[in-house]
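The block underneath contains the structure these notes are about, expressed in structure tokens.
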Amino acid sequence: MTKLVIHLVSDSSVQTAKYAANSAIAQFTSVKPKLYHWPMIRNLELLNEVLSKIEYKRGIVLYTIADQELRKALTKFCYELKIPCISVIGKIIKEMSVFSGIEIEKEQNYNYKFDKTYFDTLNAIDYAIRHDDGQMLNELSEADIILIGPSRTSKTPTSVFLAYNGLKAANIPYVYNCPFPDFIEKDIDQLVVGLVINPNRLIEIREARLNLLQINENKSYTDFNIVQKECLEVRKICDQRNWPVIDVSTRSIEETAALIMRIYYNKKNKYNK
């Protein structure tokens, strides 16, 4: 079998590039591919990190990047290394422009519907909904990512955002003085990520939630000492098992998900420098 290294670089989820790569690979019976995923590459700092990885593990580069500056930097780098650098839809866009006489817009908006990626995304969204808030723990083995954290640390919206990028994410709440599921005692292949937040900020979010629901009796839910202990305990659980922890105090859902995706694909890529 001929080994073939393929780097998938994208400013979104790499699902389009991945689908194109797998479709092409299917035409070869004697190829053993190794795919490296580099999602959410949206600035030069992130791109430069990826370029160093590409130089270390040289192979074909497939990309879907809208930003012109990033595209130029990527293609120039690959040209200097003398490795193929292929825009997954660049040729299609160019031919459509020539045929129609319509100029290509500076910033392209990629929309892909009803392909394998689309249905994979639907399955991931369905999984995220069914495995929200600690439900159906017997199916955690099907997850790509498992999020743990105190209540109201954006686990659910982050799971859904990951699902929109084709990743199956389950989330499990940590509640002070309540037994945590025994899955943490097992060796698991899934990426487990702890989400924590500044206790004062978390109390504000919880108080707003209680006011919205017109609930005034749950004192422990907004007690500073308990909230602080919940966050500290999640950190402790993760530190003991070498699971990454993300502080979401100042991060948007998209930023949190992007960081999780980078951790996930870095783990999957398994670089050993």
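From the backbone N, Cα and C atoms, a Cβ is placed for every residue, glycine too.
These features come from Swiss-Prot:
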type	residues	note
BINDING	GLY149, PRO150, SER151, ARG152, THR153, SER154, LYS155, THR156	ADP binding site
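Locations of recorded Swiss-Prot features on the structure.
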residue: GLY149; record: ADP binding site; contacts (Cβ under 8 Å, 6+ apart): LYS155, ASN171, PRO173, TYR174, GLY194, LEU195, VAL196, ILE197, VAL234
residue: PRO150; record: ADP binding site; contacts (Cβ under 8 Å, 6+ apart): PRO173, TYR174, VAL175, VAL196, ILE197, LEU202, VAL227, GLU230, CYS231, VAL234
residue: SER151; record: ADP binding site; contacts (Cβ under 8 Å, 6+ apart): PRO173, VAL175, ARG206, TYR221
residue: ARG152; record: ADP binding site; contacts (Cβ under 8 Å, 6+ apart): LEU202, ILE205, ARG206, ARG209
residue: THR153; record: ADP binding site; contacts (Cβ under 8 Å, 6+ apart): LEU195, VAL196, ILE197, LEU202, VAL248
residue: SER154; record: ADP binding site; contacts (Cβ under 8 Å, 6+ apart): LEU195, VAL248, ILE253, THR256
residue: THR156; record: ADP binding site; contacts (Cβ under 8 Å, 6+ apart): ASP132, ASP133, ASN171
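THR153 (ADP binding site) falls within neither a helix nor a strand when secondary structure is assigned with DSSP, and so counts as coil. Note: the ADP site is recorded as GLY149, PRO150, SER151, ARG152, THR153, SER154, LYS155, THR156; in the same chain, ASN171, PRO173, LEU195, ILE197 also have Cβ atoms within 8 Å of that site's Cβ centroid. Of all Cβ atoms in the shown protein chains, 27 besides its own fall within 10 Å of the Cβ of LYS155 (ADP binding site).
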